[in-house]
Amino acid sequence: MEISEKAPAKLNFSLDTPFRHPDGNPEWKMVMIAVDLADYVHIKTKTDSKDITVRTDTGFLPCDERNLAFQAAKKLQQLFHKNEGVEITIDKNIPVSAGMGGGSSDAAAVLRGLNKLWNLSLEKSQLAKIGLEIDSDVPFCIYSEPALVTGKGEIITPIGDLEPMCLVIAKPHDSVSTPSILKKIDYSKIVHQNVDGVLDAISKRDYTEMTKKMGNALEPITAERHPDIWKIKQKMLNFGCDAAQMSGSGPTVFGVCRKYQRAVRVYNGLRGFCNEVYIVRPFSLKE
Ligand code: ATP
């Protein structure tokens, strides 16, 4: 039996962390969206062995238990005492270690796919809870629709559709390790973000207000080590984006435009400076 799942990238429209839990994990308060830049994950169950295999078209991603898609299959296989093996093939399009949740989205796709192939009938909230044990972005990726994300990443509250908009995504050459940035958060200095303001603007369908209130509390921490982030952000604003900021722990920067023509202008302006640039739209997996 086999199934293919779309695994969309995510962006953080608003990112804040109110405090650190005693176990070291940040408490999150974020507005997250999925976009139509996606990996495609093909999942096949097999009865002849219990092996889990992962193949990707990248040549550099680990395909063993370090791969988050592998971990997702292993978790469900163990939890539900399945004797079947799983073959996973990932068509990778989302930049790696970019702050776009690519690995988490692949893992979420495997959880969604095996939930169907093995008739587990798990609710999204149950898959999210299992996903949290893999990475804090997996619960959001199970939903992949505009949402408020709180707790350690496991409390997902969908917030409805966004106004039409285009997003220009630029990935600087450097990669960023999320744990190294999270360790650097100093809660006595952090600049808290107006997450409620973004939620309010989205609920009122007020695009302009939303772009004014967006922000990412991790941006100054990552940008201190990767100053290209400031430069790309400034270029996006100069070329006409209504807002521009880093996603997740970076280093990817995205700009928001209402109209496609404006996004194309920003895209053309950035291409000489940054070799990975995309124009995308918000995407929702909501049925
Ligand atoms: P985060 O969700 O931690 O912000 P990110 O979007 O910045 O992650 P990813 O592309 O998910 O970054 O990669 C983070 C790490 O996960 C990398 O070290 C990568 O090798 C590893 N990884 C494991 N499985 C995958 C996968 N299927 N796709 C991409 N990266 C993976």
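Placement of Cβ uses the backbone N, Cα and C atoms for every residue, glycine included.
Positions annotated as active site by TrEMBL: LYS10, ASP137. Annotation comment: TrEMBL describes 67-144 as domain 'GHMP kinase N-terminal'. According to TrEMBL, the feature ATP binding site maps to PRO95, VAL96, SER97, ALA98, GLY99, MET100, GLY101, GLY102, GLY103, SER104, SER105. Look at TrEMBL and you will find 199-274 tagged as domain 'GHMP kinase C-terminal'.
A map of TrEMBL features onto the structure.
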residue: LYS10; record: active site; CB count, 10 Å: 27
residue: PRO95; record: ATP binding site; CB count, 10 Å: 19
residue: SER97; record: ATP binding site; CB count, 10 Å: 17
residue: GLY99; record: ATP binding site; CB count, 10 Å: 29
residue: GLY101; record: ATP binding site; CB count, 10 Å: 30
residue: GLY103; record: ATP binding site; CB count, 10 Å: 27
residue: SER105; record: ATP binding site; CB count, 10 Å: 30
residue: ASP137; record: active site; CB count, 10 Å: 28
*What are the other residues, in sequence order, whose C-beta lies within 8 angstroms of the center of the C-beta atoms of PRO95, VAL96, SER97, ALA98, GLY99, MET100, GLY101, GLY102, GLY103, SER104, SER105 at the ATP site?*
ALA9, ILE94, GLY248
*Which recorded positions among PRO95, SER97, GLY99, GLY101, GLY103, ASP137 have CB under 6 Å of ligand 1?*
SER97, GLY99, GLY101, GLY103, ASP137
*asked:* Distance check, please: Cα of PRO95 (ATP binding site) against Cα of ASP137 (active site), rounded to an integer number of angstrom.
replied: 15
*Number of helical, extended and coil residues in the domain 'GHMP kinase N-terminal' (67-144), per DSSP*: 43 helix, 7 strand, 28 coil
*How many Å lie between the Cα of GLY101 (ATP binding site) and the Cα of ASP137 (active site)?*
6
*How many of the residues that make up the domain 'GHMP kinase C-terminal' (199-274) does DSSP mark as helix, as strand and as coil?*
42 helix, 11 strand, 23 coil
